[in-house]
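Just below is one structure, and these are the notes that go with it.
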Amino acid sequence: MKVVVLGAGVIGVTHAYYLAKAGHEVTVIDRQAAAAMETSHANAGQISPGYSAPWAAPGIPVKAMKWLTQKHAPLKLHPQMDITMWKWMVQMLANCSEAAYAVNKERMMRLAEYSRDCFIDLRAELGIRYNDRQQGTLQMFRTEQQVAASKKDIEVLERCNVPYEVLDMDACIAKEPALARVRNKFVGGLRLPGDETGDCFEFTQKLATLTEGLGVKYLFNTDIKALQQRDGRISAVQTSQGAIEADAFVVAMGSYSPFLLADVGVKVPVYPVKGYSLTVPITNADAAPVSTVMDETYKVAITRFEDRIRVAGTAELSGYNLELREPRRETIAMVVSDVFPDGGDVSQAEFWTGLRPMTPDGTPIVGKTGIANLFINTGHGTLGWTMSCGSGKLLADIISQTKTDIDPTGLDVTRYPQ
Ligand SMILES: Cc1cc2nc3c(=O)[nH]c(=O)nc-3n(C[C@H](O)[C@H](O)[C@H](O)COP(=O)(O)OP(=O)(O)OC[C@H]3O[C@@H](n4cnc5c(N)ncnc54)[C@H](O)[C@@H]3O)c2cc1C
């Protein structure tokens, strides 16, 4: 079957890999000159099934009110005259109940755990390397109050059979020796040994090259404009290079997916939640992290690549604006300098921003639509790389009409009113 994948971020490229492996003739279209040039470009570098949880959680509305008044808060709101944003926020608040959280968390864990297994298989099969490390992630607590609050997360980890380690400061330092320099700032940590780390951009680019070897064609520098319908099906996608016909179409355009889909009557409540990162050259490897260290106070993740430190965080609601705001840089620079003061040269860091394609319930949208040959793979929010392989393989199986390895119930767009 001829399948066109719209979008060459980590979601589109991993999906193209599984489609090509299943024997389909695949074309991937993107407006950028190469793969992973938008949100998949410089994320926090975590493959973290253990932390797959919706942001919409009990207690979040109260925390959010407090964060809005703090200088270095993890959440920033730039009120817009944008009805979509306000509707999305209302939907998100409606998902903060215990009951909704349990449903959403189960869906995300189902997909993320599966994705981790797909990742391991893909890596073994292709021998692909991407500054990857398999050394877990460590969430660091500055207060006993945070340690006490983590007990709720631990209950969830136990229910989902996710391995974890509760560590005192000596044990944290044994895993992350550079923390010895700042031991008085923290009281302990929670480690998820099954999590992995790496450079999502390098992963996606290398995978795109490997998929070309499987026959996948990439049409870069090509704007996707509209889907053309005929007899209740999608007949072609209209692009800046002309119309492209296929048997099936997959929308994987991240935060921009809703516009294209709305034109053919498919409503997806995906909204951009902006995040920022700094990529810092390492000046003293012994003073840098070994894997990912997350500072719970600021919700900032600090990840080790070979010769760089990636530090990322902030959830900003400000529409599709890609402005690099200096106060956000100050916050993440402050955190990396506080936790790993001698690790890198922050003055030489690259500053970046990306728009997380977020659903109000945290779960991505993966599956069929009401139009027989139109499929969606988007809305992966904070954990798109983590869930990429699982989403890609699941949807490839759905398109190929073969038995899926996991239950797809609750993952497609039918969970929202159409
Ligand atoms: C600061 C930050 C930190 C993060 N940290 C992590 C992490 O540690 N682990 C993790 O798993 N996830 C993380 N994420 C989330 C993850 O990066 C995203 O979920 C993921 O990159 C989304 O991938 P995507 O392919 O859906 O979107 P994108 O990468 O944005 O890809 C969409 C593609 O569609 C193309 N496109 C859009 N519109 C058009 C058009 N009209 N015409 C042509 N092409 C178009 C774009 O050019 C783009 O290439 C983080 C995100 C941010 C912002």
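Positions of Cβ are set from backbone N, Cα and C atoms, glycine also.
Taken from TrEMBL, the feature domain 'FAD dependent oxidoreductase' applies to 2-397. Positions annotated as FAD binding site by TrEMBL: 3-17.
Location within the structure of each feature annotated in TrEMBL.
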residue	record	Cβ contacts under 8 Å, 6 or more apart
Val3	FAD binding site	Leu19, His24, Glu25, Val26, Thr27, Ala246, Asp247, Ala248, Phe249, Val250, Ile399
Val5	FAD binding site	Gly12, His15, Ala16, Leu19, Val26, Thr27, Val28, Ile29, Val250, Ala252
Gly7	FAD binding site	Val28, Ile29, Asp30, Ile224, Val251, Ala252, Met253, Gly254, Ser257, Thr378
Gly9	FAD binding site	Asp30, Ala35, Ala36, Glu38, Thr39, Ser40, Thr204, Ala252, Gly254, Gly384
Ile11	FAD binding site	Ser40, Ala252, Gly254, Asn377, Thr378, His380, Gly384, Ser388, Ser391, Gly392
Val13	FAD binding site	Val28, Ala35, Ala36, Thr204, Leu207, Ala208, Thr211
Tyr17	FAD binding site	Leu122, Leu207, Leu210, Thr211, Leu214, Val216, Gly392
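Only Gly7, in sequence order, out of the binding-site residues Val3, Gly7, Tyr17 have a CB under 6 Å from ligand 1.
The number of other CB atoms found within 10 A of the CB of His15 (FAD binding site), across every protein chain shown, is 31. The secondary structure of Val13 (FAD binding site), as reduced to three states from DSSP, is helical.
The DSSP secondary structure for Gly7 (FAD binding site) is coil.
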